[in-house]
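S.K.: Structure incoming, see below.
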Amino acid sequence: MTENSDKVPITMVGPEDVEFCSPPAYATVTVKPSGSPTRLLKVGAVVLISGAVLLLFGAIGAFYFWKGNDNHIYNVHYTMSINGRLQDASMEIDAANNLETFKMGSGAEEAIEVNDFQNGITGIRFAGGEKCYIKAQVKARIPEVSTGTKQSISELEGKIMPVKYEENSLIWVAVDQPVKDNSFLSSKILEFCGDLPIFWLKPMYPKEIPRERREVVRSSAPSTTRRPHSEPRGNAGPGRLSNRTRPSVQDDEEPFNPDNPYHQQEGESMTFDPRLDHEGICCIECRRSYTHCQKICEPLGGYYPWPYNYQGCRSACRVVMPCSWWVARILGMV
């Protein structure tokens, strides 16, 4: 009886007493191995899924960014034949920044012209040059490059465009002193010029030009409107005040050309600012593009009349489109 009274019935042992029956080491070994691999697998799965989602959104964003830039920037490459020598050139239209950039040549012969239509400033610089040149131009707003614009410009791709220099063409000569306060210049032009000193360009004509220009202005001053259709083309002087002819000092004696819409006076509502033609931005009477080169020269002291007032001329060339195309596509006015 004494031996039986010392025994504890199994039914008297509660659930809390089971913990004390198990060794501590055994409990530790069974808990840790079962939880650690599962947690690592979950973290790895979350990282992989997050990375895949980020890559997907990045690809979508890059696609739309590229697609958006394609509507704002368009490049075309062509070749110019200057005095029998071929040179590579390119034109870039950046509608987002309202810029038009022309490049000619490469290496030490490279010339770059940037037209800032937002602020009405043109910047020109040459490779290896010690100056950056600016001149005023018309202000405009470049629309997005549409499919029609691309098709029109793509006709220049791969073509060899001859360059014709006119002996009595306008010459741009830098002023003596650089610009001291450049706060009026946009960040685009300042970035384009970099650390180079900036000089204004002033137009100058060769020796025989001033007298002819004065005669042209006198002959065209009484009438600033377009010439009537019945009037012969050879009777009116090609002055700058005429809105139907190119500002040139040469005699305008072209025969009637039925293929030229300006000879037929089609589209009476389409008139152009002569400054567009005079500054080489577009050609009023042209139906096809051509290459326009302008001479950028350094001032030379001494006697004023030509050729003693400038030296060291270099050429900067660009494509000039017909004004009908330029106004419709670039200015977006038509």
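Each residue, glycine too, has its Cβ placed from N, Cα and C.
These figures come from a predicted structure and were not determined experimentally.
Swiss-Prot feature annotations, pasted as is:
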- C132-C193: disulfide bond (DISULFID)
- C282-C286: disulfide bond (DISULFID)
- C283-C323: disulfide bond (DISULFID)
- C293-C317: disulfide bond (DISULFID)
- C297-C313: disulfide bond (DISULFID)
- 105-201: domain 'BRICHOS' (DOMAIN)
- N243: N-linked glycosylation site (CARBOHYD)
- 212-268: region 'Disordered' (REGION)
- 46-66: transmembrane segment (TRANSMEM)
S.K.: From the disulfide-bonded residues C193, C297, C317, pick the residue whose C-alpha lies nearest to the C-alpha of C283 (disulfide bond).
M.R.: C317
S.K.: Across all the protein chains here, work out how many other Cβ atoms are within 10 Å of the Cβ of C286 (disulfide bond).
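M.R.: That number is 18.
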S.K.: Find, for the listed disulfide-bonded residues C282, C297, the residue with the lowest Cβ contact count at a 10 Å cut-off, counting only other Cβ atoms.
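M.R.: Sparsest of the disulfide-bonded residues C282, C297 by Cβ contacts within 10 Å: C297.
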S.K.: Would you count the other CB atoms within 10 A of the CB of C283 (disulfide bond), including those on all shown protein chains?
M.R.: 22
S.K.: Within 10 Å of C282 (disulfide bond) (Cα to Cα), which of the disulfide-bonded residues C132, C193, C297, C323 do you find?
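M.R.: C323, listed in sequence order.
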S.K.: Average the pLDDT scores across the domain 'BRICHOS' (105-201) and report the rounded value.
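M.R.: In the predicted model, the domain 'BRICHOS' (105-201) has a mean pLDDT of 79.
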S.K.: Considering only the disulfide-bonded residues C132, C193, C286, C313, C323, which residue has the minimal Cα-Cα separation from C293 (disulfide bond)?
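M.R.: Answer for the nearest of the disulfide-bonded residues: C313.
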S.K.: Give the sequence-ordered list of residues that share a chain with C193 (disulfide bond), lie 6 or more positions from it, and have CB atoms under 8 Å from its CB.
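M.R.: Listed in sequence order: G123, R125, C132, I134.
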S.K.: Round to a whole number and give the Cα-to-Cα distance in Å for the pair C313 (disulfide bond) and C323 (disulfide bond).
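M.R.: If we compare the Cα positions of C313 (disulfide bond) and C323 (disulfide bond), the gap is 28 Å.
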S.K.: Are any of C297, C317, C323 (the disulfide-bonded residues) within 10 Å of C286 (disulfide bond) when you go C-alpha to C-alpha, and if so which?
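M.R.: The disulfide-bonded residues passing the 10 Å Cα test are C323.
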S.K.: If you count the other Cβ atoms within 10 Å of each Cβ, which of the disulfide-bonded residues C313, C323 comes out on top?
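M.R.: Counting Cβ neighbours within 10 Å, the top one is C323.
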S.K.: Test of understanding: give the count of other CB atoms lying within 10 angstroms of the CB of C317 (disulfide bond).
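M.R.: Summing over all protein chains shown, C317 (disulfide bond) has 23 other Cβ atoms within 10 Å.
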S.K.: Check C323 (disulfide bond) against DSSP and tell me helix, strand or coil, would you?
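M.R.: DSSP call for C323 (disulfide bond): helix.
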S.K.: For C297 (disulfide bond) and C317 (disulfide bond), determine the Cα separation and express it in whole Å.
M.R.: 14
